[in-house]
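What follows is one structure encoded as structure tokens, with my remarks underneath.
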Amino acid sequence: SKLAALFEHPLYNIPIPEVTEKDKLFVVNPMERFSLRSSGSDEWVSSSKAETLLPTGKTAYDTYPPWLKFHVGINRYELYPRRDPLMPILLRDLATQRIVSSVQKSGGTQLKLIMTFPNYGQALFKPMKQTRDQETPIDFFYFSDFERHNAEIAAFHLDRILDFRRIPPVSGRLVNITKEIRDITTDKKLTKTFFISPAGNVCFYGECSYYCSTEHALCGKPDRLEGSMAALLPDKTLAKRRSWRSPWRRSYHKSKKAEWELNPNYCAQVRETPPYDSGRRLLDLIDMTVLDFLMGNMDRHHYETFEKFGNDTFLLHLDNGRGFGTHSRDEPSILAPLQQCCSIKKSTYLRLQLLATQPYRLSDLLREALATDPLAPVLAEPHLQAVDRRLGKVLAVVGRCLAR
């Protein structure tokens, strides 16, 4: 296994700073045990009453379902640890747990569902819109591109291989539209959008601002539909997140350009603007830029952080569905922050160099990681080759910066 060898490499064993209580997203009472409420409410309750004493040798943490252990493990420095024994269990849960509720997620340009499991875990379901080998048409603007379920799955694994670990766990899943969506939804607006297509397939389109109409309906075969299941982050009422507009956000206009596209010295003014004027924020944003370039994702207008940790924490790399749309061409403008600032973390640069060597070739690692997904093959082979080509281009940009 090349992946196992990669995670043994010294560059993947650089220790994170010591995690103190104030560095944890949640400080858990070690006496609180997890118990399922039987009233049918969709939330977990903790109880530390005397009659719920645990069997000898077990801790309260042992009673937590995997999704809650994932939430409790989040800290200032990482979303989950490198060698996380929980990860395969959590991914398996996302792929196999019985779905007890499916409702449409509000907002956004495309249809997404929130699915709930019997252990009160929840996942964001993005349905399949395109086949693996369909490329985004060359005349499409980035903002009218489809979101791809397989891009969400591949992004999670790529983010982990780069050792960022800033994307919540994502697994592919084959869903039965009839039994796991239509028959169990309490969402009346969603229910009204189901129909049987002329080919006899079960279809639905939901309600949203862009791609929710019979022409853009999602249809099963006859009622089986692929999609990505992403573990949800803790509810914002429990762990507030702050949304930041990216300084290199695109104009989202057919003819207007953003300031960074017109001003080659744009980075100088970013460096003087909080929070980019101190700490790790600019370097973290450049990490995200590298991830986006490797995926071909032009749709990074905002990013989020956990409010509790202030400015000294990692960025969440959420919403990656517009990655992996094209393999035959690269988008150099995604690398603008790296090109204009000529800055990158030393650890990121060394890992990128490692991933360009034969024993740790990035495409081989990504192919191996994605082979374990229920929907494998997740990416068409040309996309994996494109990742190696783009990695070469990132290293060339850093090389030019070093020469300068």
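Backbone N, Cα and C atoms are what each Cβ position is placed from, and that goes for glycine too.
Every protein chain considered, the tally of other Cβ atoms within 10 Å of the Cβ of Asp299 (active site) stands at 18. Here TrEMBL flags Asp299 as active site.
Close to Leu233 (ATP binding site) in the fold, though at least 6 residues off in sequence, lie His71, Pro168, Ala239, Arg241, Leu316, each with a CB less than 8 Å from its CB. Among the features that TrEMBL reports, ATP binding site is placed at Gln110, Lys126, Glu147, Ala230, Ala231, Leu232, Leu233, Glu304, Asp319.
For Glu147 (ATP binding site), the number of other Cβ atoms no farther than 10 Å from its own Cβ, over all displayed protein chains, is 24. What TrEMBL lists as Mn(2+) binding site is Glu147, Asp319.
Mean pLDDT for the domain 'FAM20 C-terminal' (194-403) in this predicted model: 95. Here TrEMBL flags 194-403 as domain 'FAM20 C-terminal'.
Put simply, Asp299 (active site) is 14 Å from Gln110 (ATP binding site) when counted between their Cα atoms. A Cα-Cα distance of 9 Å separates Asp319 (ATP binding site) from Asp299 (active site). Counting neighbouring Cβ atoms within 10 Å of each of the binding-site residues (Gln110, Ala231), the lowest count belongs to Gln110. Spread of the ATP binding residues is 20 Å (greatest Cα-Cα distance among Gln110, Lys126, Glu147, Ala230, Ala231, Leu232, Leu233, Glu304, Asp319).
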